[in-house]
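Contents: one structure, followed by commentary.
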Amino acid sequence: MATAAAGVAAALSPLSGRDYLSSADCSAEETSAVLDLAAQLKSGDRRIDLGNRVLGLIFTKASTRTRVSFQVAMARLGGQTVDLNPKVTQLGRGEPLEDTARVLSRYCDVLAVRTFAQQELVDYAHWATVPVINALTDLEHPCQSLADFLTMREAHGDLPGQTLAYIGDGNNVAHSLMLCGALLGVNVRIGCPQGFEPLPGVLEQARSLAVQGASIEVIHDPREAVRGAQAVYTDVWASMGQEDEQSEREQAFAGFCVDEALMEAADTEAIVLHCLPAHRGEEISPGVMESSASRIFDQAENRLHAQQALLAALMGGL
């Protein structure tokens, strides 16, 4: 076990002091090592004490799992969390981001930012002098993907060559699944209606990152997308900020519900994933949500372990 821990620490040492704004910010080796460390922390084979360091959360979007999992992860690492809601700080009164980022860097050892625009996150990283983590933007959700592939690995073993089918909008979650999956050697299929594809630039980037023969595909037939897949993943059809499009999207996504009939086309041992919150009866049927194939709540738990590993790596606590 000591040898394994040393190997993981060596692979993760280049991450110390770096930002994590995108799944593509880590190499294939570094991404795999984050999952290895997360598994060690989850099993209790590894314990890390960061010595009372401080995480600052800057969340302008609502959050349950991301907020709580970061807070608990930091506590388990022996650190503390400061919740910096813009509504109750000077950010809400127009203080420039560049001033806030530099001041918070004097108080905190790492910042996690959850906001709408990716550029705002990039600006925080530019001005901060401590690591900045993407806790979700409209472009990506990289911490979620770490938990997703940790869950898939727990269910089916080594990831290279496995297939994950994502059924739904080509959104931030889909983007990070493509990028992270490409690095890990996982075939990722995005099953979506016409007009709801991932951004072409992200698709091209994922394909350029693909290792060990992984394929990244966009397929407009949901049944074809899930055919033979080891994991079937879905998300809400209207993300935060798209509530006005709910009715239009319900029509566009008709036939894209992950239900019992669709799951028949997947691998017989396929697992079901959802980043939550879920709208039962829309993107996923109640039966599939509660089925034996569902690993949705394991997946939610794994946010904690994946982020604990990421925090330790970025703060050089290995």
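Placement of Cβ uses the backbone N, Cα and C atoms for every residue, glycine included.
Because the structure is a prediction, the values reported are computed rather than measured.
The carbamoyl phosphate binding site annotation in Swiss-Prot covers Ser63, Thr64, Arg65, Thr66, Gln90, Arg114, His141, Pro142, Cys143, Gln144, Cys275, Leu276, Arg303 and is backed by sequence analysis. If you look up Swiss-Prot, you'll see Asn172, Asp235, Ser239, Met240 marked as L-ornithine binding site.
Packing around Asn172 (L-ornithine binding site) is summarised by its Cβ count: 26 other Cβ atoms lie within 10 angstroms of its Cβ, all protein chains included. Residues Ser63, Thr64, Arg65, Thr66, Gln90, Arg114, His141, Pro142, Cys143, Gln144, Cys275, Leu276, Arg303 are the ones the record ties to carbamoyl phosphate, and the longest Cα gap between any two of them is 32 Å. Between the CA atoms of Asp235 (L-ornithine binding site) and Ser63 (carbamoyl phosphate binding site) there is a gap of 15 Å. Rounded to the nearest whole angstrom, the C-alpha distance between Cys143 (carbamoyl phosphate binding site) and Asn172 (L-ornithine binding site) is 11. All chains included, 25 other C-beta atoms sit within 10 angstroms of the C-beta of Asp235 (L-ornithine binding site). By a simple count of nearby Cβ atoms, those within 10 Å, the most crowded of the binding-site residues Ser63, Gln90, Ser239 is Ser239. Around the Cβ of Arg65 (carbamoyl phosphate binding site), the number of neighbouring Cβ atoms within 10 Å comes to 18. For Arg303 (carbamoyl phosphate binding site), other Cβ atoms within 10 Å of its Cβ number 26. In this structure, the C-alpha atom of Ser239 (L-ornithine binding site) lies 19 angstrom from that of Arg303 (carbamoyl phosphate binding site).
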